[in-house]
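*Asks:* Take a look at this one; I'll ask things after.
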Amino acid sequence: MEAPGSGGGDGGGDPGGDGAHPDARGPVSGPCAAARDSERQLRLRLCVLNEILGTERDYVGTLRFLQSAFLQRIRQNVADSVEKGLTEENVKVLFSNIEDILEVHKDFLAALEYCLHPEPQSQHELGNVFLKFKDKFCVYEEYCSNHEKALRLLVELNKVPAVRAFLLSCMLLGGRKTTDIPLEGYLLSPIQRICKYPLLLKELAKRTPGKHPDHTAVQSALQAMKTVCSNINETKRQMEKLEALEQLQSHIEGWEGSNLTDICTELLLQGNLLKISAGNIQERAFFLFDNLLVYCKRKSRVTGSKKSTKRTKSINGSLYIFRGRINTEVMEVENVEDGTADYHSNGYTVTNGWKIHNTAKNKWFVCMAKTAEEKQKWLDALIREREQRESLKLGMERDAYVMIAEKGEKLYHMMMSKKVNLIKDRRRKLSTVPKCFLGNEFVAWLLEIGEISKTEEGVNLGQALLENGIIHHVSDKHQFKNEQVMYRFRYDDGTYKARSELEDIMSKGVRLYCRLHSLYAPVIKDRDYHLKTYKSVVPGSKLVDWLLAQGDCQTREEAVALGVGLCNNGFMHHVLEKSEFKDESQYFRFHADEEMEGTSSKNKQLRNDFKLVENILAKRLLIPPQEDDYGFDLEEKNKAVVVKSVQRGSLAEMAGLQAGRKIYSINEDLVFLRPFSEVETILNQFFCSRRPLRLLVATKAKETIKVPDHPEALSFQIRGTAPPCVFAVGRGSEAVAAGLCAGQCILKVNGTSVANDGALEVLEHFQAFRNHREEALGLYQWVYHSHEDAQLARASQGAPDEDPQEDDQPDSALPLLSLGPQLSLHEDSAVVSLTLDNVHLEHGVVYEYMSTAGAKCHVLEKIVEPRGCFRLAAKILEAFAVDDSIFVQNCGRLMAMSSAIVTMSHYEFHNICDTKLESIGQRIACYQEFAAQLKSRVSPPFKQASLEPHPLCGLDFCPTNCHVNLMEVSYPKTTPSVGRSFSIRFGRKPSLIGLDPEQGLNPMAYTQHCITTMAAPSWKCSPAVDEDSQGQGLNDSSYGSASGAPSQQDRGLSFLLKQEDREIQDAYLQLFTKLDVALKEMKQYVTQINRLLSTITEPTSAAPAPCDPSLVEETSSSPPVSEESEVDRTDHSGIKKVCFKVSEDEQEDSGHDTMSYRDSYSECNSNRDSVLSYTSVRSNSSYLGSDEMGSGDELPCDMRIPSDKQDKLHGCLEHLFNQVDSIHALLKGPVMSRAFEETRHFPMKHSWQEFKQKEECTVRGRNLIQISIQEDPWNLPSSIRTLVDNIQQYVEDGKNQLLLALLKCTDTELQLRRDAVFCQALVAAVCTFSEQLLAALDYRYNNNGEYEESSRDASRKWLEQVAATGVLLHWQSLLAPASVKEERTMLEDIWVTLSELDNVTFSFKQLDENSVANTNVFYHIEGSRQALKVVFYLDGFHFSRLPSRLEGGASLRLHTVLFTKALESVEGPPPPGNQAAEELQQEINAQSLEKVQQYYRKLRAFYLERSNLPTDAGATAVKIDQLIRPINALDELYRLMKTFVHPKAGAAGSLGAGLIPVSSELCYRLGACQITMCGTGMQRSTLSVSLEQAAILARSHGLLPKCVMQATDIMRKQGPRVEILAKNLRIKDPMPQGAPRLYQLCQPPVDGDL
């Protein structure tokens, strides 16, 4: 046995290979060599003895740790442990008989130490110790057989946060680092140890010469321990793995470094690859283990000697010579495109290859596989190994931090209580140190309360709190010590930053990356060092300087800590070696830059980090549940989920679902990537909860269908021209079954083009139409494309009494038309072939990536043309036309009243007014015409960019290139990370999207993000030459020679409209509207008083008419006004706060739902010193029945006013007088004074002084009412009527004056332009908000994903937030006003226009419409320009999910902000116009930041008010975490925005374009609706969205930091936004020269680049 044993030892132990032959020629080599060999063997034997003793001591220490840290603590806190779920049975299962094992090993260690006393020597004997204890080692049988059960239980317990935290705290107090080895690692150590003994004894036997006294005992001990292990199944399996590793290592000659069995558990992959390094290309055998990659040279067979033949009997019959090893922790892998030949491949052309970078030594080499399949196998294995390692580490770090933070929070609250009084101000030398505690007092207190059981645990806990940033030494000089050293909680000195080095580092890192790459004077750039160029690097000290200059960090130490955090979390690394970040001149590089350098778009898909899965073209269908099912069945066909059948007449068929269509997603779940069984389960779950379905169904842009040509009746309606469109289809008809849907455009009939024809030309091809032209339509329930179409159809039906018939018809008609046999009757009938153009298609791309947590995430990115935007623009134009018509009528009436022209100035004034009124009349006619154009427009469903000026048309009121960019992210919900890491380590991987046998479907997280891109709203119209008179007149008035056309077109509205003029015009309009509403409300109070008096005075004959008709009827002169137009001064609850109650029957028309322009009436109670002060004193007697009445004999003597009626009368009269006071205040104000001044040349009844004196009439009227109350109640109604008549006349005079002033200051030439730009902006805003609203109502919106908040909670929170604080609309402009004249004009236009959006309000109503398919929302416009109200009609399901305030009718306020930054440098001396352009941008940004700050304050108050902190300390910590972290992030972003908007002197140029990503993140976190604009809506805005989406994925969805730019690049060049370029082929929109690096990296390739 000696020869092979020692031979094996030589091969493994002599790196030089010199000792490979001595035994073979032993007799000849002489005594000297033999002695040398013997001495070497004994030296190695001593090493093995030391290892056995050392590892045994460590093992006993581990067992003691498990006993003291876990078992003893659990026993000390029995009640607490049971409450958390650690029952006695659970503890027994987890730890089994580990204490018995400890007792055995204490004795075993004592015996080993006795044998090897005082220090191990090579002559010591050890074999007998093992033989003595071999029977006692049977104690392992129970432990090993229970082990699998224990691990299963641990996974379940780890799902309970309280248990997970308790187990982590046990580990912490025991002094072990919680992130090193998880508990399951410790529980595995007994099995690993018992399996290790045979390996150690085998090594000892090798090194024990035959003549050694211990030789026989060691051989016996080896066999005995093998027998012990083979008797236990679990250890047998473990032994086999370890033996395989040991055997493999024994076949590698010259092995260096630690043994495989010490650091690895299994071989993952092996194979031969070509390795290119240092100019050589060689074949090498590679072995990939967990944690290690080894490569060897194959040793050629040596023939001749007996020993050599034996040594060739190994793996694959060959031997290896060790050539190198790389710890996978410091190894990076990079794919290489086929055909590449570069520096690392030494000029060799690479095929099926990849690069491996040993970052510890900064050495690169290239590997090449024989085939592409083999390459993929290696890359997959390398990535799997990396993900297992990273997810384990990240998960453990996150869990440990949570536990320590919660523990710190709990202890802090306890220490702050008066009983404990540990935290206090303390004296030190001559100073006082505020709010601190002493280390030794802290440890003593922890012992006293039972938090720890011994002093060491207290020190461990203190050190953990210090390392995790919860406490610190008051001078930051000491670690935690159990001494009289002062420490302070960071909460008390404001230095606590929650989790900044863990999760928040992700968003901080992404933010820093974007800012650094947005600089015009880059900090990150290519740098030369020692004749080598390092690409995209930054010296550590330069980065520290920059962080300090920007205010991100206050000290260099803090900046270094941030740099270390960035390196530790995969953002950047040292370019040469794996060293920590230092404040030195060493170079560091962002991983994301490495991913981008030297790559072309072709090799992106081979990367395993972020890859494209599928391109889709689809249509979104909305299918509500029916009584029994959804009306369709699915099947699996070619691994795709396909519609098997659709029920005739079902809601699914009505939505346009057809058999054979592929389904991509159901309610945002990407079912096409799931097994079919799971898809059925998902459908059942949705049906059980009665949820409507949102299906994404594959479709084509154009398709040809065959519609049966029945001679009896048509089952569809066609309208419109060029192209004709399907107006409606009959539900359940054969046309629907054939695939005809409302809204489709008809391009061809039977192969003949009809795209430029009308509906009649299409219908002529159908027999039914030719036979019965007038009555060709069948009896169907019609399904329309939009609600407007449905309304139009109802209106054209004629008399209203026919409507019920229409509803009855379908019920009787449907059975006839839906019968199956009817199909067979017409089997041979003719068909008409229709080629159709589908509208509202969604272009999408599906991507996937592995997140930092090791989960597979899927992203569906889509662009959607906003539905109904043309019709919405038409409705806005109609509202403007109505507004203008009323204005023209009122002004016309006024002009007619004053026909006498006295002076020349009167004549001029009259003439100007006439001209303006004529111009407004032409505008009204145009708006009506444009509205009709837009309503009939169907295709294309969006407006393309146009660079040339053109005659004004309806499309000029619609946004250009407006697309909603949706990003839907889905991934499995995270399980507790310890459990997750367990399943990865031990091979029980849960399916990422699949069925868990214990839980049914794995729960998934779904989130939808929405950003709109568009061209900035603009005015690009030229005066028409050949228009009709109306259009000509309009254009003449807009661009008349007097108006100076060139200057108007060259400059924007903010330049042309003076701020003062805009303000005074708005003031006039607001006053006009306020007067109108105040008068209306006053009349409603009068109505209530009259009604009240009529119920008190029984004899109706004697009572006066309760209410004069003139008081109630609406005056025709008052424009229809949104009664909530000035929302900031209204009470949003929808019910006015009044101080009296009205019965239900009175409520109907009492006007109590009316919203007032004045402040809430709740303060009326404090106004009792008014006219009613006298009556309130006499509240217990009736005025009508009192002795002072004088005419008492006219009344029945028992006439009394009940006390409840008295109170109502008091309230009504008080409100009436308050309203009168309010009207007086409005009429005497400065605005009215200015109006009189402006119109002094127009002859009116009164001057300003005479007008003010009219108030005396109303004072007299009030006195009269007081007298009536006390002396003559019968005349009270007539006194009130007199007062109201006076007030009404007073108000009418005031309104007339305002109308004249308005007419004078209205610039009719600019109003058209304002309307066009405003209309474009409002349409985009409404469509964006509506998409985000629907996402929130479907519980898919989540702007808080990085704080692990569920989409359901985030959506509900956002809905409550907007209901309380309004909607933040964030417009981001990338226009270049300094270099492009047109873009400066655009910016000046939209600055004015967006401020006007704040006057718009949104409200909600329920939609009771079932004759329109695939529409959740439709819009209605009410009000005037100054108080426009958009009403969102929502279907019942979504309406029921609105916050109760919005359901009740309250309106939402808009807060519009515009941040603008040109993507071009402003370095150097500016050209003349540039300075003004830069100042314009700064002014816009400053105003917007102020508005954002106001909104943030409201939001902060809203959340803090709702966050009543729980009493439980653990729950408090979580709650504070959820609140403080987002607030900290918002504070930081706001600070950054201030540095961009108000830069220090001379620093403006050094800030770059960082404002763009920072403002996006700030508004995203505030829950804003985001709209990004550039000159055309094509290039800059779409790239900005790709960047923002990649940043969101990294911040909230675990995209690896190194993949941020890679993801941006793929989404930009291969994502759905390339469709926008395809739709605008002739439009050029290049990126500005000198754009920052961030915006140049991902530009689409120029022609010829690829």
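In case you wondered, yes, glycine gets a Cβ from its N, Cα and C as well.
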*Asks:* For the record in Swiss-Prot, which of the ranges 580-605, 1022-1047 is the region 'Disordered' one?
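*Replies:* That would be 1022-1047, per the region 'Disordered' entry in Swiss-Prot.
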*Asks:* If you check Swiss-Prot, which of Ser1117, Ser1133, Ser1191, Ser1203 turns up marked as phosphoserine?
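*Replies:* Candidates were Ser1117, Ser1133, Ser1191, Ser1203; Swiss-Prot attaches phosphoserine to Ser1191.
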*Asks:* Looking at Ser536, Ser715, Ser991, which residue has the phosphoserine feature per Swiss-Prot?
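*Replies:* My reading of Swiss-Prot gives Ser991.
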*Asks:* Would you mind telling me which one of Ser258, Ser1186, Ser1465 Swiss-Prot calls phosphoserine?
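*Replies:* Of the listed residues, Swiss-Prot records phosphoserine for Ser1186.
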*Asks:* Do at least three CB pairs under 8 A connect the domain 'DH' (44-235) and the domain 'DEP 1' (416-491), leaving out pairs fewer than 6 apart in sequence?
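*Replies:* Per Cβ check, the domain 'DEP 1' (416-491) touches the domain 'DH' (44-235).
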*Asks:* By DSSP assignment, list the helix, strand and coil residue numbers for the domain 'DEP 1' (416-491), in that order.
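*Replies:* Helix, strand, coil within the domain 'DEP 1' (416-491): 27 helix, 20 strand, 29 coil.
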*Asks:* Looking only at the domain 'DEP 2' (518-592), what are its DSSP counts of helix, strand and coil residues?
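*Replies:* Final tally across the stretch: 26 helix, 20 strand, 29 coil.
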*Asks:* When the pLDDT values for the domain 'DEP 2' (518-592) are averaged, what is the result?
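*Replies:* Summarising the domain 'DEP 2' (518-592) by its mean pLDDT gives 87.
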